[in-house]
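Student: Dumping what Swiss-Prot says about this protein:
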type    : residues      : note
MOD_RES : ALA2          : N-acetylalanine
BINDING : TRP83, ARG107 : tetradecanoate binding site
BINDING : TRP83, ARG107 : hexadecanoate binding site
Amino acid sequence: MAFDGTWKVDRNENYEKFMEKMGINVVKRKLGAHDNLKLTITQEGNKFTVKESSNFRNIDVVFELGVDFAYSLADGTELTGTWTMEGNKLVGKFKRVDNGKELIAVREISGNELIQTYTYEGVEAKRIFKKE
């Protein structure tokens, strides 16, 4: 499938502002912007496995399209929600457990790049990954 493969973060757009809006402190924002995140994505039908490895943690996230699941961000923020496929995009709609506010994440492929767009409280950020 299109998302399958290993993707290494190449650059960010407005990511620190996004993290600030999320309430992440300045030290964690600086570190988070340079986390060397790598995603290894495997799709089997409607089931996805995403291995996240960074300077801070290594975790496996397993989800099925349309099925609610819980997820914790690297800073400990807890979310619940679902991923769905909308055309050629993976769209994640999540709610923060602590305040009920919505976080939207969209993953799409453009050439040899995976573009991950986040939207929270009107602030949009992108993380662009290159396929290894």
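Each residue, glycine too, has its Cβ placed from N, Cα and C.
Worth saying up front: this structure is predicted, and the values here are computed from it rather than measured.
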Student: Just counting, how many other CB atoms are there within 10 A of the CB of TRP83 (tetradecanoate binding site)?
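Tutor: I count 23 other Cβ atoms within 10 Å of it.
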Student: Across all chains shown, how many C-beta atoms besides its own are within 10 angstroms of the C-beta of ALA2 (N-acetylalanine)?
Tutor: 12
Student: Would you mind reading off the Cα separation of ARG107 (tetradecanoate binding site) from ALA2 (N-acetylalanine), to the nearest angstrom?
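Tutor: Computed Cα spacing between ARG107 (tetradecanoate binding site) and ALA2 (N-acetylalanine) is 11 Å.
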Student: What count of other C-beta atoms do you get within 10 angstroms of the C-beta of ARG107 (tetradecanoate binding site), across all chains shown?
Tutor: 23
Student: TRP83 (tetradecanoate binding site) to ALA2 (N-acetylalanine): how many Å between their Cα atoms?
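Tutor: Computed Cα spacing between TRP83 (tetradecanoate binding site) and ALA2 (N-acetylalanine) is 16 Å.
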